[in-house]
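Below: the structure, in structure tokens.
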């Protein structure tokens, strides 16, 4: 029998009495109880069917029909007779199409299709079934908000969820909306998603791709007409196609699993009010205000704004859909999003969550000098509430001078990309904020500075990511991180080649003239790529990351971290040849987005054509006069510097004058240059006397810093050698008070040594007196030991010599074994007085074997054998041979890695009598020495000496010829 339908009641009315809440709770309880009862009855009926059916018998149509009918009738739902119609040949009563499109049959078919394969297939696909199940799980038993549902205590377990109505075959989208199911049709006319896309393939594509495949395509896009026609506003507010929610409607957004792309952006868990965002394209066109400057503003008129605001507070459906299916309309919006470049303007919701409210969104058009709209945030979508975080500098309400329209074109970009499809490289390359966002890197001469300030305010708005929220985070580094993805799409547009060209700008025209001036010479010297980098025209598919494009800064380049390797203040970045910034962008502290092709100093970015010709031409002989105007540049080059040094040795007076005039203004810079310092040294040698003197004057007041510099110290040494005495004295005096610092410095110690060598002793007394009391300490220093040796060589003052030698001789044993002090002792043995050598040898006597086995002291013992007298040498040899016939000290020395060299030195320096004695002792142990690594050295030396002695003896035994 037909089950009577209860009256349809709305979920909420503004003037309901207080008893509605109690009725509502009772209704919920009845529904829950009925659902449990239906489940129990269904289980019992299934068991009964299994009892009357043989396990081996195939399923029959009648059995399936009775089972299904019993489920529908016994379960309290509408029986199969409800569908009416004549019994067809398939065994089912009622209209076949009406029967097969019912969601209850769909669920039954997929649950029992294996038991009865003769069941006719339903009209809905599995995909539609999953959608219905999602809606059922999301809506539970309450249905959609504002729908008209049937309240029936006898619903079947397999009936459609509350809120679904079996619509007529010709039901339009507006009829579905009346039932609260926006954009979802489950009847016989329902199309699958594949059908929708295939049907939509015939529609013309009106949008251009947002990512051109090449740079040429990109240039064509940016040069195209940027005027936004009213018909183009149809795509405004299209949702991001992150899931099927954008295709099926807002009901899918009620899924318990939120879209990960919208988690951080959804302001509250409330449902989007049905009907609040449903505005047809025609309505949008009718309600859009026209700008007085022929630009399209995104704001609706006041009455429409009021209607939208009030509709956002209403929970009932409001209608207002297009005539075509809502699913197809949503699919078109998906396509509009994916190809969202509309003549240079993208009107897609940048926040990427399924927003059903198409509230007004603004656009910054080059022809629209009134900047309204651009709410920048869809957080308050559908609520009709204004953004509470809007700050007073927001560009939404700025009326800019039309004269700055050309500035707005490249300053703001057009937001082509959504954060979902942004370029990762542009995001990572973002630093504090590009100078172009602060108001532009270049200001036309005819534009007022106040308008530039307005542009700066627009840039400040963009620095907040377009969200309207103030910078309330305490950590500036985190604030930068938070807005990386928000501004990545702007960066791609800011890296547009037209940004660098900026056609029509007077300042850029001037730079173009400068560039053309050197273009003929520098055209063949394109900006070099880093070694190993591919010569590609784009990066990650973005045409803005090709050659000669703006180069973004690093996110680590923070003004609070000047020592960061990626900071603009880092030595790494300062020393990078290719990273030179235009003058217009040098005053900004964060990441600088300077052009790779240098605008401010063109000469620094490219090598001179003269220098390149010199290095590439191996056959032509150049002269100094031919490089006039390029001397400094040649001096800083490896090959150019060598060329100048060679030519200065034989240069004429005119050539020397030419070189002198060019290097003098850059003399200090060349002195510290890796190649330029050699040119300065050579000019000190071969320059004219007046020129050398004037060049020496450049050193005054710079001696100390140059002495501590790697290349400057060489220039100071050469100057001390060749300049006049008065200049030498003046230069040396600058070291007073810094002597010990220079002595311990790896560069300064060479300057101190040169002062001791070239400056008279009476003029460097302040240097020598500094060493008194520190001779031993300096003798054990890697650089100080060299200075002490120069003092012993060039300071002949008896008082100075006695003081220095007294400290050395008092610690001979310690200095002899020191890795640096041993050089000082060797120097005394070689250049000292005989009595000083005798004191040292006597100090070492009795410890010769021990000292010979020590690495550093063995060198001192060798010097004692070399420079000692015969008596001193005999004393050392006797100690080595020992007092017994076994010669134990000699055997130990011959097998030692260091002492074996001392034994070899003895065989070289001793007289014949001592050599014969030593050889006799060594021959006894010759076979045993061959087994030791270091003993082999002694064996080889002995064999040579024996062979030489035998030859000498043979020559002596020959009869002497008679003299006539």
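Using N, Cα and C of the backbone, Cβ positions are placed for all residues, glycine too.
Looking at the stretches 67-112, 113-158, 343-388, the one that Swiss-Prot records under the feature region 'Disordered' is 343-388.
Among the residue ranges 172-203, 204-235, the one that Swiss-Prot annotates as region 'Disordered' is 204-235. Note: the repeat 'Pumilio 3' (698-733) comprises 25 helix, 0 strand, 11 coil (DSSP; helix = H, G, I, strand = E, B).
Sequence-distant contacts of the repeat 'Pumilio 1' (626-661), counting only residues of its own chain at least 6 positions beyond either end whose CB sits under 8 Å from a CB of the stretch, comprise 608, 610-611, 614-615, 670, 673, 675-676, 678-679, 682-683, 686-688, 691, 695. Each residue in the repeat 'Pumilio 8' (879-920) gets a DSSP state, and the totals come to 31 helix, 0 strand, 11 coil. In the predicted structure, the repeat 'Pumilio 4' (734-769) carries a mean pLDDT of 95.
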